[in-house]
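Quick look at what Swiss-Prot lists:
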TOPO_DOM  1-287  topological domain 'Cytoplasmic'
DOMAIN    5-91  domain 'PARP alpha-helical'
DOMAIN    94-279  domain 'PARP catalytic'
BINDING   H152, Y182, Y254  NAD(+) binding site
SITE      Y193  site 'Nicotinamide-stacking aromate'
TRANSMEM  288-308  transmembrane segment
Amino acid sequence: MQLSNRAAAREAASRDVLAADLRCSLFASALQSYKRDSVLRPFPASYARHDCKDFEALLADTGRLPNLKELLQSSRDTDKQAWDLVSWILSSKILTIHSAKKAEFEKIQQLTGAPHTPVPTPDFLFEIEYFDPANSRFYETKGERDLIYAFHGSRLENFHSIIHNGLHCHLNKTSLFGEGTYLTSDLSLALIYSPHGHGWQHSLLGPILSCVAVCEVIDHPDVKCQIKKKDSKEIDRSRARIKHSEGGEIPPKYFVVTNNQLLRVKYLLVYSQKQPKRASSQLSWLSSHWFVIMMSLYLLLLLIVSVTNSSVFHHFWNRVKR
């Protein structure tokens, strides 16, 4: 890895450590998955030897990565290998990710439609910006059409590939209403498909995360949904059903995108699993030594009973009462 790449990665991590941490977390989640051969794409070429992916070496090196704040503060020569790996994780010629303020979530809710049920506010919010030519190509495809904003839920291990390769309709396993990428205007529905998963052990975001994508979708006939005809209250049936659909028409609040060029991920909503609060040290000690405590109390009770039944105790007690 060239020194300039390390310097660029250090600068990127210094500028937005949480965004850099997110990319490390998504990478680590894909690496730990039993489907890692398919979800860890792209894969670092330096760990591909003789056309074989050395997952064990990559797992070992990833496990040795300190958290990014520690890595930024360190200047040890032994950290060069760590920076080589982080540099690869953060490198992209297509996009960049940066942290967004939580107030941006209100804007997202407006873009997707006000929720009918209370939805949890994400712990972290990130925005993706695309470089040319990918960005200009998307807007060329859009032309004069409107943009639809909708949520896509998926397992954490899939997001490394989703970010770098996009959402591909032919890879989607949910096909009740036809082949395509399924999205929804209801965040609570998307969260069902985004269970918490193990990310990076040293993540500043937390070791267990859930992620939901907010997608920009070009309003095109290849995007199937319950939508009204222009200047009419009647549903456009040509867009409400996909050929060979087993479930009939697309339900309300859902979108099925049948063309990969019509959508891209714009935001990432990240939820960190709350760790149970630590009990006080006293409670912790009591819970750890409950058997010893109970036995001690039992022995103390036996001692009290024994003493109270003794003649010496009765003699002393009678003298006290006089």
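Yeah, the Cβs are placed from backbone N, Cα and C, and that goes for glycine too.
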Alpha-carbon distance [Y193 (site 'Nicotinamide-stacking aromate'); Y254 (NAD(+) binding site)] in Å: 14
Whole-number Å value for how far Y193 (site 'Nicotinamide-stacking aromate') lies from Y182 (NAD(+) binding site) (Cα to Cα): 11
Alpha-carbon spacing, Y193 (site 'Nicotinamide-stacking aromate') to H152 (NAD(+) binding site), which is rounded to whole Å: 8
Counts of helix, strand and coil residues, the domain 'PARP alpha-helical' (5-91), according to DSSP: 63 helix, 4 strand, 20 coil
Recorded NAD(+) binding residues, H152, Y182, Y254 - maximal Cα separation rounded to whole Å: 10
Most crowded position, judged by CB atoms within 10 A, among Y182, Y254 as binding-site residues: Y182
Rounded mean pLDDT for the residues that make up the domain 'PARP alpha-helical' (5-91): 89
Tertiary neighbours of H152 (NAD(+) binding site) (same chain, Cβ under 8 Å, six or more apart): L167, T181, Y182, L183, T184, A190, V212, A213, V214, C215, V265
Y193 (site 'Nicotinamide-stacking aromate'): tally of other CB atoms within 10 A of its CB: 16
